[in-house]
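Peer 1: Starting off with a structure, shown below.
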């Protein structure tokens, strides 16, 4: 190797490393491992978001340059002099990508999947701070569902749905199933609607179609009934041009599995796939990640097998435990230095979690001080527990602590009642965090339903919600008659409403239906 090349490679590594000096050695290792499958086991408080942000920034700024012997172009003595000066002065090198980078990614070639919109927003905000408004903003950072919506808005027609498909929430699901139960005279006591929702969700997470379930279901059993409900439910959503939340992932996976052109397009588009909270991914999400990353196999997943808490939602810890077996040639990096907690807290956590079965294994440590000891209290009842919490907080307040210094965590909302009762008795003011979300409010759901019907007139479920909201003297029996006529004719309910006077069954309500339809047309023309 020529001396000029050897010096250039050494200086390039120094320059790139100088941009990530705030990271610890293991974090930098994760940032500079850009190619191939990578599992980052990130303990609580170990700076995983910092690693994700810096790793994406490195991929966009420098590509796989660090540690590589590949040159971006023929190196001249002038190039070397510029690089020497930049390393010595600590300043940024003009046109650093052209000077240094090896196959850098464009921002839109990176797909970063998080579990919440808040986490996605934080990721993009920090990328903007590192890369600038434009480059940082062009990175695809979103939840699984948001990523799937973008894919389906482009390609839903390939699987028989309109691009303007409606997205049904849990309330819409309940409405569809209630109508199915009514039409098929199914007793909710024999098979509660909540159970049907859970079963259908489970089928979709396992990527089982209604036909798959029907082929396996024994005759004359509850399983056979579930199969019939699933078939009818799937059919009604297809007719309405609608998808529920589970469908967003289910149909995206099906699209990528069955359509080679679409699969190739997205594999070329997303050269790098990054997934946060991988321990909480489901079967369907695993298949989605594998399909999207199948082109380059540049998939990086970040998670902690000790923090898997969403099994009840379909999460499977095997996704993270089996990562190295599924993705050939995968590397594993453990982030074990904790920046958040004291030694006493970490020691207590380590002593508990080490008893877990089926874990990758890691031991968190910190340079922070010992801190206060962890206190444990075993209560004899919910009331005893609530009384103890109120007593401890009351004592702290008398010693000069502030209310804002305290937080009470409980596993489910039902457990708040005794705690609230004892707080009230002790005169301790409190605030319950979380309440009804904005988009769950009735008036917001109504407005969204109007918008959905304007965009997608096939959406009978949303139409049923707003046809008499506000009251228009269109009763439930009239709505059912419209639904029956639509089902008989194989057309959307809106088509029946548009021609209401043609149906003797609707003559009494024809004026009200016409008035509603006229309003609908006016809204469509806005």
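Quick reminder: no glycine exception, Cβ is built from N, Cα and C everywhere.
As annotated in TrEMBL:
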- 42, 43, 44, 45, 46, 47, 48, 49: ATP binding site (BINDING)
- 21-342: domain 'UvrD-like helicase ATP-binding' (DOMAIN)
- 343-526: domain 'UvrD-like helicase C-terminal' (DOMAIN)
Peer 1: Express the predicted model's confidence over the domain 'UvrD-like helicase ATP-binding' (21-342) as a mean pLDDT, rounded to an integer.
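Peer 2: On average, pLDDT over the domain 'UvrD-like helicase ATP-binding' (21-342) sits at 94.
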Peer 1: Using the Cβ center of 42, 43, 44, 45, 46, 47, 48, 49 as the ATP site position, which other residues in that chain lie within 8 Å, going by their Cβ?
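Peer 2: What remains near the Cβ centre is 51, 304, 335, 338, 339, 340.
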Peer 1: Counting other Cβ atoms within 10 Å of each Cβ, which of the binding-site residues 46, 49 scores lowest?
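Peer 2: Each of the binding-site residues 46, 49 was scored by Cβ atoms within 10 Å; lowest is 49.
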Peer 1: Of 42, 44, which of the binding-site residues has the most Cβ neighbours inside 10 Å?
Peer 2: 42
Peer 1: Could you tell me which three-state DSSP class residue 42 (ATP binding site) falls into?
Peer 2: strand
Peer 1: Residue 47 (ATP binding site) has how many other Cβ neighbours within 10 Å of its own Cβ?
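Peer 2: Taking all protein chains shown, residue 47 (ATP binding site) has 22 Cβ neighbours within 10 Å.
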Peer 1: Out of 43, 45, which of the binding-site residues is least crowded by other Cβ atoms within 10 Å?
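Peer 2: Comparing Cβ neighbours within 10 Å for the binding-site residues 43, 45, 45 has the fewest.
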Peer 1: Would you identify the secondary structure of residue 49 (ATP binding site) according to DSSP, in three states?
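Peer 2: In three-state terms, residue 49 (ATP binding site) counts as helix.
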